[in-house]
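Q: Structure below; questions to follow.
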Amino acid sequence: MDKLKISANGPLNGEITVSGAKNAALPLMCAGLLTSGTLRLKNVPMLADVKTTQKLLQGMGARVLTDNISEFEINGGTVNNTCAPYELVRTMRASILVLGPTLARFGEAQVSLPGGCAIGSRPVDQHLKGLEAMGAEIVIEHGYVKAKGKLKGTRVAMDVVTVGGTENLLMAATLAEGTTVLENCAIEPEVVDLAECLVKMGAKISGIGTSTMVVEGAGELHGCEHSVVPDRIEAGTFLCAVAITGGRVVLRNAAPKTMEVVLDKLVEAGAVIEAGDDWIAIDMRQRPKAVDIRTVVHPGFPTDMQAQFMALNAVAEGSCRVVETIFENRFMHVPELNRMGANITTEGNTAFVQGVEQLSGAVVKATDLRASASLVIAGLAARGETVVEQIYHLDRGYENIEKKLGSVGAKIERVSG
């Protein structure tokens, strides 16, 4: 099993190109099931979850071609199987996103209940409740969601803000008969990206980027070409890496308007940030200052950046609180950071961080995707060698992270065994 060996190597300097967002690419790929035409996606990150989604769509009969760099062609005209099996779905929660489009287009779908990151309960009840409101008959048998029926437009008020639920119901509504009003929608950039692609495919959607979207059902959708929005979490991870080591790095193919609260927190920590339409520059010349974090739904501070800022705060000047309001059980990186010399205590959904001057390298285990990133960041500033094990989590969300960090001066290598 691969692992990363990391040693501090001074400030980082240079340029990094940000990949497309995995959390946008996966629902966009599933949207290919809505049409018999060809959906051409650009700026797709070549990640494990993307490859799993490719296999899932191909298993359903879709024709999926890729240049294995950043482009995909998905043709749903050959779909001949409406079942998404456990073997593929078990590794990735986003697999549930085939449910809405498959049911809407074919009148039936069978999808195994998903797996994915071990960071607490992330139920799909809002997905199912919304589809039932639109006329679907749904039962859960032997670990599978079995749905059938012709979908009709209606008002769906989600009980909680859910990104995946919003995406699933939005895709389903594009082919439902009549008008669907989706209330309490997630407004993350990845949801907006999906909606904008669906409009290119012929969907009629108003209220994009707001908590209420109105969808006029279309008889059918067609193919289109779409570029995946840049990954704001990958960008934020690299910015935290520079903030902890010092240096100056420019991120290309970035989307600063999608991550303003993260940039504000970096400035609060002592970084100098500049940004244009598609680039971000960070200049860090001092020990970071501790910053309080409270995760909330977009446009607030993203839960997917909490662990990275925990690593930054671990060596910051002063003390702070980190409050996690989105997921329970998302402090699994704390014991590993403490093994490296951090001074972090937790109480419920709050972590109390007292910054230390330096961390010490250690053998640490990644427990989920963003926890992995926090350990990499910590290793870049620790005295001695850090070995991050179980990095298959990291590969689910970061494309060539060791090569990208290495290109700006980090001492980091992937080793097998």
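Sequential numbering from 1, following the chain as shown.
Just so it is clear, glycine is given a Cβ too, placed from its N, Cα and C backbone atoms.
Keep in mind that what you see is a predicted model, and the values were worked out from it rather than measured.
Annotation source Swiss-Prot lists phosphoenolpyruvate binding site at Lys22, Asn23, citing sequence analysis. Summarising the annotation, Swiss-Prot assigns UDP-N-acetyl-alpha-D-glucosamine binding site to Arg93, Arg122, Pro123, Val124, Asp125, Gln126, Asp304, Ile326. Annotated 2-(S-cysteinyl)pyruvic acid O-phosphothioketal per Swiss-Prot: Cys117, in sequence order, evidence recorded as sequence analysis. As annotated by Swiss-Prot, active site, proton donor applies to Cys117.
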Q: Please identify which of Asn23, Gln126 has the densest Cβ environment, defined as other Cβ atoms within 10 Å, among these binding-site residues.
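A: Highest number of other Cβ atoms within 10 Å: Asn23.
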Q: Looking only at C-alpha atoms, tell me how far Pro123 (UDP-N-acetyl-alpha-D-glucosamine binding site) is from Asn23 (phosphoenolpyruvate binding site), rounded to the nearest Å.
A: 17
Q: Hey, does DSSP put Arg93 (UDP-N-acetyl-alpha-D-glucosamine binding site) in a helix, a strand, or just coil?
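A: SS state of Arg93 (UDP-N-acetyl-alpha-D-glucosamine binding site) = helix.
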Q: Other than its own, how many Cβ atoms are within 10 Å of the Cβ belonging to Lys22 (phosphoenolpyruvate binding site)?
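A: For Lys22 (phosphoenolpyruvate binding site), the count of other Cβ atoms within 10 Å is 25.
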Q: Could you round the CA separation between Arg93 (UDP-N-acetyl-alpha-D-glucosamine binding site) and Asn23 (phosphoenolpyruvate binding site) to a whole angstrom and send it over?
A: 11
Q: If you measure from the Cα of Lys22 (phosphoenolpyruvate binding site), which of the binding-site residues Asp125, Gln126, Asp304, Ile326 is the nearest?
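A: It is Asp304, whose Cα lies nearest.
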Q: Which of the three DSSP-derived classes (helix, strand, coil) applies to Lys22 (phosphoenolpyruvate binding site)?
A: helix
